[in-house]
Amino acid sequence: MEYLLSIDQGTTSSRATLYAASGETLATVSRPLVQHYPNPGWVEHAAQEIWEGQLACIAEAIAKAGIAPAKVAGIGITNQRETTVVWERETGEPLHRAIVWQDRRTAELTESLKEQGLEAMVRERTGLLLDPYFSASKLSWLLDRVDGLRRRAERGEVCFGTIDSWLMFKLSGGKSHLTDISNASRTMLFNINTLEWDEELLRLFRIPRGMLPEVRGSAAGFGHTSAQVAGAEIPIAGVAGDQQAALFGQGCFAPGMAKATFGTGAFVVMNSGARLGVGDGVLSTIAWQLPGEAVQYALEGSIFIAGAAVQWLQEGLGLIASAREVEALAASVSDSAGVYFVPALSGLGTPYWDPYARGVIAGLTRGSTKAHLARAALEAIAFQTLDAIRAMEKASGIALKELRVDGGAAADNLLLQIQADLLGVPVLRPRCTESTSLGAAFLAGIGAGVLDTSAIAAQWALDRRFEPQMERNLREELHRGWQKCVRLSLGWEKN
């Protein structure tokens with residue numbers, strides 16, 4: 001039997017899962033990750049804690065499965081994207097805590113660049129919007145604020161990387177300073193047209209070229225683990241950012257195929273093929289590159305508040321005792337009776353990108369109940385997903401035929417039925433909803449030569465299919481009501 005080890009380093013936890021090449025889960029281990037909030041709007045992780053926790057997960061997962069490390073055909077790495085790490089090249093010691101993708105400390109810098117009229121140039125080269133979300137401004141901040149860091153970086157003594165790069169460096173015993181093309185595309189320093197680090201962007205953010213990792217395809221081979229670190233020299237065979245890995249794990253290999261990951265927030269990603277789609281309000285990014293094949297691009301939508309809207313009903317309003325109760329409460333009424341909830345509790349993402357939007361509850365009458373509000377919260381997740389997908393369809397010129405879903409909230413049958421009704425296409429929930437981890441393992445399988453995409457596509461198994469049951473006229477009427485409420489929320493804090 002061939003074994004594949006998936007390393008899934010996320011925002012709140014580190015995980016290692018051992019799979020058979022068939023996709024069967026043999027063992028999984030996870031550890032929570034401490035969040036550090038040194039100032040309002042700042043979010044940091046201790047890079048050394050990430051490494052030590054991940055290493056412990058790897059050892060425990062292999063031991064739990066009862067196999068020797070040398071039996072692992074390949075390791076796949078997937079990770080929280082954009083999170084920025086700097087470390088000393090010679091010792092591998094972190095030189096600052098990792099600045100997490102959620103961190104907003106560089107908002108002034110990105111606003112200043114927008115005011116200089118540079119967003120169109122950045123968008124054209126990277127597919128991204130000028131926002132603190134991405135790595136470039138975080139790295140620029142570190143170089144300017146950490147004593148002596150810029151000087152040392154210019155001397156070649158400092159490495160920069162996203163979390164995948166940091167883990168590969170440590171796993172290889174300092175031999176591999178690499179990243180994959182999907183993670184590189186999220187730094188705002190990588191040109192997704194030329195597929196190279198962009199010299200003009202490096203000058204704009206004042207980044208020394210020598211601190212950047214070498215970029216490789218997503219299953220191109222990334223060296224081996226050190227035997228001292230992992231107990232054997234195991235090939236590091238596949239790497240992708242978390243959302244790209246989830247798209248791969250869902251078997252979305254053809255242009256127009258899409259997945260939505262429903263968690264605290266939600267991410268919607270559509271495969272746009274070898275063509276780079278560009279559209280208002282959606283991000284253009286690299287999905288992956290397989291050996292001997294052209295780069296595959298993707299369109300991405302970010303929804304800031306999804307499951308967190310349900311959490312707010314529980315913690316903020318006390319309408320439910322636990323998030324698990326929301327489905328039954330929402331199902332106790334046949335519709336939301338005209339109630340809409342725009343959960344812009346921290347602004348709105350795709351396609352509005354308005355940090356000044358604030359939450360709106362509208363359409364209340366004397367007959368409105370907490371059940372109507374619970375249903376409106378589920379509808380809000382589905383409406384936001386609909387808005388993102390419509391923007392993607394416009395950008396790609398491809399009409400969505402079905403939506404594959406994963407993440408914690410994908411267990412909510414009512415949410416998925418509402419989603420199918422509002423989209424007007426089937427929503428498919430797979431048996432395995434750990435698509436991110438599975439996608440990394442599949443990439444490792446390709447890199448190690450034990451899998452191909454046809455074998456992976458054949459492994460995808462359906463748990464349940466949700467067919468749309470709503471008439472088109474009603475769907476469009478409800479969406480018009482949603483858009484009316486969104487307009488109320490936009491710019492609320494600024495205006």
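Keep in mind that glycine also has a Cβ here, set from the backbone N, Cα and C atoms.
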Per Swiss-Prot, member of Asp242, Asp280, Asp335, Asp354 binding sn-glycerol 3-phosphate alongside Thr11, Arg81, Glu82, Tyr133: Asp242
Listed in sequence order, residues not in Arg81, Glu82, Tyr133, Asp242, Gln243 with Cβ within 8 Å of the centre of the glycerol site Cβ atoms: Gln80, Thr83, Trp101, Arg186, Gly241
Cα proximity to Arg81 (sn-glycerol 3-phosphate binding site), best match among binding-site residues Ser13, Gln243, Thr264, Gly307: Gln243
Thr12, Tyr133, Gln311 filtered to the binding-site residues whose C-alpha is within 10 Å of Thr264 (ADP binding site): Gln311
Binding-site residues listed as Thr11, Gln243, least Cβ neighbours within 10 Å: Thr11
Inter-residue C-alpha distance, Arg15 (ADP binding site) and Glu82 (sn-glycerol 3-phosphate binding site) (nearest angstrom): 18
Proximal but sequence-remote residues of the same chain as Gly307 (ADP binding site) (Cβ under 8 Å, at least 6 apart): Phe262, Gly263, Thr264, Gly265, Ala266, Ala323, Ile381, Gly407, Gly408, Ala409
Inter-residue Cα distance where the pair is Ser13 (ATP binding site) and Glu82 (sn-glycerol 3-phosphate binding site), in Å: 16
